[in-house]
Amino acid sequence: MNTREVLGQAARLASSGLLLQVLFRLITFVLNAFILRFLSKEIVGIVNVRLTLLYSTIIFLAREPFRRACLSGSTQRDWSQTLNLLWLTVPLGVFWSVFLGWAWLQLLAVPDPDVIPHYGTGVVLFGFSAVVELLGEPFWVLAQAHMFVKLKVIAESLSVILKSVLTAFLVLCLPHWGLYIFSLAQLFYTAVLVLCYVIYFTKLLGSPESAKQQVLPVSRMTDLLPSITRSRAFVNWEEAKLTWSFFKQSFLKQILTEGERYVMTFLNVLNFGDQGVYDIVNNLGSLVARLIFHPIEESFYIFFAKVLEREKDATLQKQEDVAVAAAVLESLLKLALLTGLTISVFGFAYSQLALDIYGGAMLSSGSGPVLLRAYCLYVLLLAINGVTECFTFAAMSKEEVDRYNFTMLALSSSFLLLSYLLTHWCGSVGFILANCFNMGIRITQSLCFIHRYYRKSPHKPLASLFLSPVLLGAFALSGGITAVSEVFLCCERGWPAMLVHVAVGALCLGVTLGTAFLTETKLIHFLRTQLGVSRLTDKTT
């Protein structure tokens with residue numbers, strides 16, 4: 001498969017993921033907004049912070065390094081060794097589930113059972129659900145490596161929707177169940193997710209006439225199970241070494257990604273109610289990051305990993321591949337910058353209105369609007385960091401990955417300290433400020449690597465981070481107008497005034513996007529040729 005075909009598949013994966021995830025997330029958004037009106041802040045804090053942190057920590061430590069290592073390089077490999085390596089995520093997940101479950105039960109303060117019942121059962125079921133999800137890891141990696149565009153998006157989105165429906169039903173019918181509700185819903189989510197992959201591959205491998213079945217390295221379901229032969233090693237040791245390097249990095253990255261939850265959980269800087277409000281705002285603020293940035297980062301990481309060779313400098317690789325990678329990186333950086341700026345500028349004036357619509361007075365009063373405004377700035381940094389690290393991790397050699405781990409260690413330590421100090425100084429918004437600081441350092445590290453990588457080549461992908469004065473002026477004008485509109489029209493002056501406020505924002509947004517369309521012609525060409533709607537008409541699954 002040549003570079004252009006790989007780029008086309010990565011673009012289709014990203015664009016299909018965007019459209020389908022927007023549809024499914026909107027449904028989930030409505031269901032969650034409905035559920036919030038029947039829950040206390042304390043329940044939300046325990047479920048969304050403490051129990052979800054347990055689940056995400058197990059999942060991240062057990063599978064993230066395996067995913068990054070096994071998705072690097074060509075699909076032309078000994079897949080039986082790769083699958084053997086992937087199955088090791090299950091015993092590793094069992095270990096982390098038992099160890100961390102013990103820590104959550106024995107080392108952390110147990111909430112009042114009269115306010116939040118069944119905490120112990122919640123810890124056990126959330127840990128077990130993580131192990132269940134790891135059973136689908138070989139299927140997930142095989143699907144991603146062979147660009148099965150819609151499978152991942154449909155499986156994950158369907159699981160989330162069914163989980164939300166089950167949660168809403170149990171909250172309405174059996175509210176006295178407490179944490180049983182969310183524990184059963186989480187277990188149901190992971191079971192449905194794994195079943196989607198198993199059913200898909202069962203049907204695919206049972207149909208010899210399928211075109212996709214012909215390109216797979218396995219011909220029957222038993223080929224996906226661990227296998228031992230005397231003719232070769234159980235795993236590919238190069239992949240295993242790379243996995244270990246990514247494991248050390250993943251451990252540190254998890255602290256950076258979920259650092260505020262670790263501080264809240266282990267240092268008790270906020271009560272469960274404040275934790276609940278912070279987490280809701282955090283999830284709402286990161287919605288765009290999950291919908292747009294994550295699919296793009298995940299899809300184009302695969303593209304860069306396939307096109308670029310880790311151990312070679314840019315001048316020693318095929319120049320056509322290097323040029324295409326530079327052009328793609330330049331366009332992705334510009335797209336991330338414009339999207340992040342748009343969210344930051346318009347999110348400032350519409351944070352309170354968004355929270356009032358989503359969760360009512362519980363969110364729109366108090367610290368909620370300030371938190372969401374700060375998060376809008378953080379989204380800009382998230383957008384840029386997602387693209388830069390996507391390229392950096394795909395192009396780094398093993399030695400460079402190991403060196404980067406030391407930087408991540410310093411970042412992890414500084415983040416935890418900074419979070420603790422800023423939270424005591426300015427409350428829960430201190431978590432977001434600490435995240436912004438550390439994200440800025442990570443972006444700087446990645447930009448330095450990209451600059452060094454293309455230093456001896458004629459390509460300058462980082463030039464995309466500079467915008468035209470006209471477009472910057474449009475953003476500044478829109479930010480000023482919407483801020484004034486919020487003061488006079490929102491949010492306690494009735495629905496007519498709020499609708500006018502929304503109309504003002506829509507007009508400013510239209511002018512800003514029109515200016516971007518006229519000034520960023522290279523980006524528009526990239527979007528039309530690679531992420532256009534016509535790509536979705538291809539026969540993909």
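Residue 1 is the first one shown; counting continues down the chain.
Each Cβ is built from the backbone N, Cα and C atoms, and glycine gets one as well.
What TrEMBL annotates here:
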TRANSMEM  12-37  transmembrane segment
TRANSMEM  43-62  transmembrane segment
TRANSMEM  83-104  transmembrane segment
TRANSMEM  116-141  transmembrane segment
TRANSMEM  153-172  transmembrane segment
TRANSMEM  178-200  transmembrane segment
TRANSMEM  322-350  transmembrane segment
TRANSMEM  370-394  transmembrane segment
TRANSMEM  406-423  transmembrane segment
TRANSMEM  429-450  transmembrane segment
TRANSMEM  462-483  transmembrane segment
TRANSMEM  495-518  transmembrane segment
Contact between the transmembrane segment (322-350) and the transmembrane segment (153-172) (3 or more Cβ pairs under 8 Å, separation 6+): no
Using Cβ atoms and a strict cutoff of less than 8 Å, what residues sit near the transmembrane segment (406-423) while being 6 or more residues removed from its termini? 249, 252-253, 255-256, 259-260, 262-263, 267, 269-270, 429-431, 433-435, 437-438, 441-442, 445
What stretch of 43-62, 153-172, 178-200, 429-450, 462-483 shows the most Cβ pairs under 8 Å to the transmembrane segment (83-104)? 43-62
Stretch-level contact, the transmembrane segment (153-172) and the transmembrane segment (178-200), CB cutoff 8 A, at least 3 pairs: yes
Using a Cβ cut-off of under 8 Å, list the residues of the same chain at least 6 residues beyond the transmembrane segment (462-483) that approach it. 330-331, 333-334, 337-338, 341-342, 345-346, 348-350, 384, 447, 450-451, 454, 504-505, 508-509, 511-512, 515-516, 519-520, 523
